[in-house]
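Asker: Have a look at this one.
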Amino acid sequence: MATIDEPLYPIAILIDELKNEDIQLRLNSIRRLSTIARALGEERTRKELIPFLSENNDDDDEVLLAMAEELGVFIPYVGGVEHAHVLLPPLETLCSVEETCVRDKAVESLCRIGAQMRESDLVDYFVPLVKRLAAGEWFTARVSSCGLFHIAYPSASDQLKAELRTIYGQLCQDDMPMVRRAAASNLGKFAATVESAHLKSDIMSIFEDLTQDDQDSVRLLAVEGCAALGKLLEPQDCVAHILPVIVNFSQDKSWRVRYMVANQLYELCEAVGPEPTRTDLVPAYVRLLRDNEAEVRIAAAGKVTKFCRILSPQLAIQHILPCVKELSTDSSQHVRSALASVIMGMAPVLGKDATIEQLLPIFLSLLKDEFPDVRLNIISKLDQVNQVIGIDLLSQSLLPAIVELAEDRHWRVRLAIIEYIPLLASQLGVGFFDDKLGALCMQWLEDKVFSIRDAAANNLKRLAEEFGPEWAMQHIVPQVLEKINNSHYLYRMTILHAISLLAPVMGADITCQKLLPVVIASSKDRVPNIKFNVAKVLQSLIPILDHTVVDNTIKPCLLELNEDPDVDVRFFAGQALQACDQVMMST
C-alpha cells in the first residue's frame, strides 16, 4: 500500500467505489467528488477525473442525479471559468438519460455553468452542445436541449442566432409531444433573450403553432407562455397577438387548459391594459368563474381578489360580484373554500358601502358553511374587513356567527377561533371583549380536545399581555383558579399549565399571593400526572419568585414530591430541585 503514489490513491478509491455493487458506496463516492478533485489538483481533475465521469455508465438514477448536481458547482475544481467547458461532456451524456429528474438536474447544472462561461467558450463549446442535443436521436436529448437555448443564444453570432431560432421552431413541431411540451414551457425564457424584431416574427409564429397543438398538455404550457410573452411585447402587440389566444383558450375544450388560463389571467390584464381587459378579459374571466368543471372554478375563485384589484370598483361590482354570489353557494366545497380564502381581500377593493351591502351577506353565508375549511378561511382574514367597515358593524354582523363557531363540532374550527381571539380582542377593546367573549375563553379550558385546552391556556396569557395584569387579575385569574377543583385530572392539568403561562405576565407579587398557593395545594393530588406537573410548574416559577419564597415554600414541597412512590413524580421533582440549587449557587 505504501508504494502507491499518494496523489493517485484517491482516484483509485473512486474508481473502485464507482464500480462497487453497493449503491451506497457509489453514492458516497460521487458526493466526495469535490474532495477527490482537490486532492488530484486542477490539471489532473480535467485530464483524468472528468473523462472518467464522462465514460461512467452507471445505471442507477440516484447516482446519476448526485453526479449531475455535483458537476454544477465544479468550476473551481477544474481551474476556473477558462476551463469550465471540460464539464460539458459528462453533463451532455446525462441530458440524454431516461430518468426525468436526472435530465432536469443536468440541464440546471449546464445553465449554471453556461451563465459563468466566457462568450468565446459559449460559442465554441456550449452552442454546439445545444445543437447536438436538439438533433439527438432520442427524444430525451431534444427535451433537454429546450432548457438551454436561453443560455446559448445571447453570445451567438447573428448567423448562429438565426440557426438557433430555426432549431427551436423545429422542436416546437417535433413528433414527440414531450419535446413540444418542453419547448412550450421554456419558450418564455428563450423569448426573453431574443431581439424584439425577431420576437414579433419568429417567436410569435412558433408560439401560434404551440397554441394550436392537438395535445392539451402542450396547449396548457403555451398558456404560461402567454403571460411570459405578454410582459415582453408592447401593449398594442400584446392585444394583437396574445389577447385572441387567451380568449380562445378560456373556451378551450380541455378543462386543464381553461384551468391554466384561470391561474394566469390576472397577469395578462396588466400586460394588455385597462380597455382590452374590460372588453375582452372580463367576459373571459366571468366564463371561467361559471365553468362547468369544479377545478376551473377553484382556480378562478382563488384569483378573484387579484383580478378585482386590476379593475375599477364599478366593473368589479357589475361583473364579478354576481359570480362571487353564485360561487358562495357552489356545489363543490373546494370552490367555496378557495373563494373564502380570498374574498375578504375584496373589501378594501370595493369600499365600505359595497362591502356592507354586497359582501357582508356572502361572508355570513360562508361563515355558516357546513365545510369547516370554508369557515376557517373566513375567520382567519376578518381583520381585512374590519379595516374597511369598522369594528361596530363587524361586531353586529359577524360576531354572533363567530360565537356560534366557538362551539363548532370540528375542533380545528374552534382552534382557529381561539387563535384569532387576541387579535379580535385588541380590535374590539376591553369592554366589548368582557361582554361577549370572556365566558368563551374560560369554556375552552374544559374542552374535550387537548389542542383546544392547550391553545386556550396560551390564549389567556396573550390576553393578559394585551389588557395588562390588573385586568387579568380581575377577569381571568379568579375564574382560572376556581377550575382547579374540577373532578377530571386532565382539566386540572390544563389549569396548572395556564398558571405557568400566566405567572411571568402577572409578576412576582400576584404569583406569590394567588397562583403559588394553588400549585402547592395541587401537590397533594391523588393523581401522579398532576403531581409531576406541579413539579414542572414549580420549576418554571423559580426564576420569577424571590429566593426566600423558593427556600421557604417551593423547596419543601419539591422535597416532599421527591419522596413520592411514583418514579415520574420523583424524576421531575429531582429536576426542579436541581434548578433550585443552580439558582442559589448563581446568587
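Here the Cβ of each residue, glycine as well, is placed from N, Cα and C on the backbone.
According to TrEMBL, the protein carries these features:
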type   : residues : note
REPEAT : 10-48    : repeat 'HEAT'
REPEAT : 164-202  : repeat 'HEAT'
REPEAT : 203-241  : repeat 'HEAT'
REPEAT : 242-280  : repeat 'HEAT'
REPEAT : 281-319  : repeat 'HEAT'
REPEAT : 320-358  : repeat 'HEAT'
REPEAT : 359-397  : repeat 'HEAT'
REPEAT : 398-436  : repeat 'HEAT'
REPEAT : 437-475  : repeat 'HEAT'
REPEAT : 476-514  : repeat 'HEAT'
REPEAT : 515-553  : repeat 'HEAT'
REPEAT : 554-587  : repeat 'HEAT'
Asker: Let me spell it out: take the repeat 'HEAT' (242-280), skip the flanking residues so only those 6+ beyond its ends count, and list any with a Cβ under 8 Å from a Cβ in it.
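Answerer: Sequence-distant neighbours of the repeat 'HEAT' (242-280): 207-208, 211, 216-217, 219-224, 226-227, 229-231, 233, 235, 287-288, 291, 293, 295-296, 299-300, 303, 306-307, 310-311, 315.
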Asker: Counting by DSSP secondary structure, give me helix, strand and coil numbers for the repeat 'HEAT' (515-553).
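Answerer: So the counts come to 29 helix, 0 strand, 10 coil.
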Asker: Using DSSP, break the repeat 'HEAT' (242-280) down into helix, strand and coil residues and give each count.
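Answerer: Taking each residue of the repeat 'HEAT' (242-280) in turn, the totals are 33 helix, 0 strand, 6 coil.
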Asker: Using DSSP, tally how many residues of the repeat 'HEAT' (164-202) sit in helix, strand and coil.
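Answerer: Breakdown, helix to coil: 30 helix, 0 strand, 9 coil.
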